[in-house]
Structure formats: C-alpha cells, structure tokens
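Novice: Structure in structure tokens, see below.
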Amino acid sequence: MADKVNVCIVGSGNWGSAIAKIVGANAAALPEFEERVTMFVYEELIDGKKLTEIINETHENVKYLKGHKLPPNVVAVPDLVEAAKNADILIFVVPHQFIPNFCKQLLGKIKPNAIAISLIKGFDKAEGGGIDLISHIITRHLKIPCAVLMGANLANEVAEGNFCETTIGCTDKKYGKVLRDLFQANHFRVVVVDDADAVEVCGALKNIVACGAGFVDGLKLGDNTKAAVIRLGLMEMIRFVDVFYPGSKLSTFFESCGVADLITTCYGGRNRRVSEAFVTSGKTIEELEKEMLNGQKLQGPPTAEEVNYMLKNKGLEDKFPLFTAIHKICTNQLKPNDLIDCIRNHPEHMDTSIMPSPKLQNL
C-alpha cells in the first residue's frame, strides 16, 4: 500500500454521506492517509444546481444528509472512474444492484494493489438464482480483496455523533488494522473479526427479520410478539449461515453486525417502517417505497425472495418458517395476519438441536 493511503467513497446517499464525516475527519487527522478523500456522487439537479457543486461549495449533501456538514477535504466527483483511479482503499456504499455495473466501469481503471470494503447490506442475485455476496462480486470482478463493515449503524444517528459500534469482517490482519484506523472514532467504535462472510450475511438477513417486526407493529401485536419474532429471526440467521456458509463462528452473531444490528433495524430501520405501513395502508411495497424512501430502495423483500429460492432448492422452507412467511407476505401469497400462525410451531420450539453445539466452542 502507498506511503500515503488514498481513499475513495463510492456512493453518497444517506449512509455514504454519514460515513464520509468519519472517514474525512480521520484522513485529515492521521498521517498515514492522504488528506483529500474523493466521493463519487451520482449527479442530480437540486433546484437547478448540480449536487456535486452544492456539496463542494457548502460541504453538505442537501438531498441525502441535510443539516450535517461534511469535512472540507471530502470532494464530490461526478465521474466514477475519476473518483476511484488513484484510490488505495475503495469504500463501496451504494445500493447493491449497482455493484456489477460499477465494477465493469472500474475494471482496469483502478490501482491493481487497491483494497475494497463494502458497507452494503444486501445480496445480489446469483446466476441461476440464490444469493451472491457483494464482497465476492467486487473481488471477482476487480481482482482485489474486499472486506465488509456492518453493524447497528442507523445513518442519521452516526451523523449526529451518537455512540455506536460496528464490525469489520476482514480475513487479512494487515488490512484490518488500516481499515480500523480509517473508520474508528470516539463515537464509532470498531471491532475487527476474520469471519467476513458471516458479518456480511448478517447485514442482509436482518432486513428480512425487520420486515417481520414491521408486520407485527402494523398488526399492533405488542412488544412480546415482536421480541419473539426478533429472537426467532436471530435463530434462523444463525441456522442459515450454518447451512450455506459453514465454518462461521457463533461469536460473530454477538458482535454489532449480528444481534445489535438486528435489534436496531427491527425498531428503527426503513424495512420495519415500510412493512408497518404495508399492513396499515393496504398499499403495495413498491408504492410505499416511492412514497417513503426518497429514492432509496428497500432491501428486505428482495433478500427474502433470494433466500427463499435457496431454501426451496434444499427443501428447507419448513426449517425457516419465519423467513418463508415474510417472503410470502411480501409477495401477497399470505396476509400479514397469517404470520403468527406460521411461526407458532417453529422448529426452535420443538427441537433444541437447531443450533449445532460445536459452534459454542467459538464463544
């Protein structure tokens, strides 16, 4: 890696702008980083003026993080290749569906020894169905290592400077230290683990559970029911990782990327909010996305669809009744008030061996 590490943030939405506050401040303060941080911004017109110009003149992303100043060393760039070409660290923080196209644009245009880190909570569709981890797509396309950062990190609260934790999954200790230095702040505490796939899968699966929590809120079933859905969701997350990503550690689920992110998303995230409105309004998920999310995309329903494809392929739908029911509610195969009947006889209530005991050695 270069003497002075250049950093590029690929994305400038709500979360990308919030993380730019931390990354920009650290790049300016720490001698190992180049002070100037580029941030790729999809060009939009706001009241007739380019968003990149507004950000570079006012140091505020008025569309996605209004009211929060970005460090002046964070420079908005409307051209992806131009923003990324000198980067030693590429921070990917865009909706997951853009990643394959962005990787095509960047192929051969970035430093060959660069590293990436994905802050993207979601999967892409694998060829032939199922899920493809975003970090795997980035590594496969760009031929560079890709770590992940996931945690209980609601963007507006991070931007406010409220205390929280996050988890970096990185298999290379040397890169893990550099990434920790880049993201660590007094209010944003970082734990690095080597269980990268489990960290990333947690970041996507919790969005499915949050939809279930939203259905419970919309049905006004109360806190006990919501707590049960969250707990069963955690058990299905652990079970899913055990089936599809064997060798992961149980301890990872007790980091910020696991149980903490699950809780905060089930109480404060957009998947929960939209799912509650889905019950109370009678509108479709697509209609509510347009009305409520200011151009952002919901991750829970498409993730539930791909997870269901994988479960169906292995004949495991009955072992994951919560994930299965949430998918069927999102696709109108079931009504929201069918949710509780689907989980009343959950395998977790019948079979104490659902969580394989060997993992307990990893606590």
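One is the number of the first residue shown, and numbering goes on along the chain from there.
Keep in mind that glycine also has a Cβ here, set from the backbone N, Cα and C atoms.
Feature list, courtesy of Swiss-Prot:
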BINDING   GLY11, SER12, GLY13, ASN14, TRP15, GLY16, PHE98, LYS121, ALA155, ARG270, GLN299  NAD(+) binding site
BINDING   LYS121, ARG270, ASN271  substrate binding site
ACT_SITE  LYS206  active site, proton acceptor
Novice: What does the structure give for the C-alpha distance between LYS121 (substrate binding site) and ALA155 (NAD(+) binding site)? Integer Å is fine.
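Specialist: The separation of the Cα atoms works out to 13 Å.
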Novice: Checking your reading of the structure: which of the binding-site residues GLY11, ALA155, GLN299 lie inside a 10 Å Cα sphere centred on ARG270 (substrate binding site)?
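Specialist: Cα within 10 Å of ARG270 (substrate binding site): GLN299.
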Novice: For the substrate site made of LYS121, ARG270, ASN271, how many Å separate the two farthest Cα atoms?
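Specialist: Between the most distant Cα atoms of the substrate site, 13 Å.
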Novice: Cα distance, ASN271 (substrate binding site) to GLY13 (NAD(+) binding site), nearest Å?
Specialist: 17
Novice: Please find which two of GLY11, SER12, GLY13, ASN14, TRP15, GLY16, PHE98, LYS121, ALA155, ARG270, GLN299 have the most distant C-alpha atoms, given that the record lists them as binding NAD(+), and give only that distance in angstrom, rounded to a whole number.
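Specialist: Max Cα-Cα spread across the NAD(+) binders: 20 Å.
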Novice: Could you state the CA-to-CA distance between GLY11 (NAD(+) binding site) and the residue listed as 'active site, proton acceptor' to the nearest Å?
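Specialist: For GLY11 (NAD(+) binding site) versus the residue listed as 'active site, proton acceptor', the Cα atoms are 22 Å apart.
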Novice: Counting Cβ neighbours within 10 Å across all chains shown, tell me which of the binding-site residues TRP15, PHE98 comes out on top.
Specialist: TRP15
Novice: Across all chains shown, how many C-beta atoms besides its own are within 10 angstroms of the C-beta of GLY13 (NAD(+) binding site)?
Specialist: 21
Novice: Name the residues of the same chain, 6+ apart in sequence, whose Cβ is under 8 Å from the Cβ of GLN299 (NAD(+) binding site)?
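Specialist: Residues satisfying the criterion: HIS96, LYS121, GLY122, ALA204, ASN207, ASN271.
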Novice: Counting other Cβ atoms within 10 Å of each residue's Cβ, which of the recorded positions LYS121, LYS206, ARG270 comes out lowest?
Specialist: ARG270
Novice: Sorry to bug you, but what's the C-alpha spacing from LYS206 (active site, proton acceptor) to PHE98 (NAD(+) binding site), rounded to the closest Å?
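Specialist: Counting only the Cα atoms, the answer is 21 Å.
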Novice: List the residues of the same chain that sit at least 6 positions away from ALA155 (NAD(+) binding site) in sequence and have their Cβ under 8 Å from its Cβ, in sequence order, or write 'none'.
Specialist: ASN14, TRP15, SER17, ALA18, LEU65
Novice: Near the Cβ of ASN271 (substrate binding site), how many other Cβ atoms are there if near means within 10 Å?
Specialist: 25
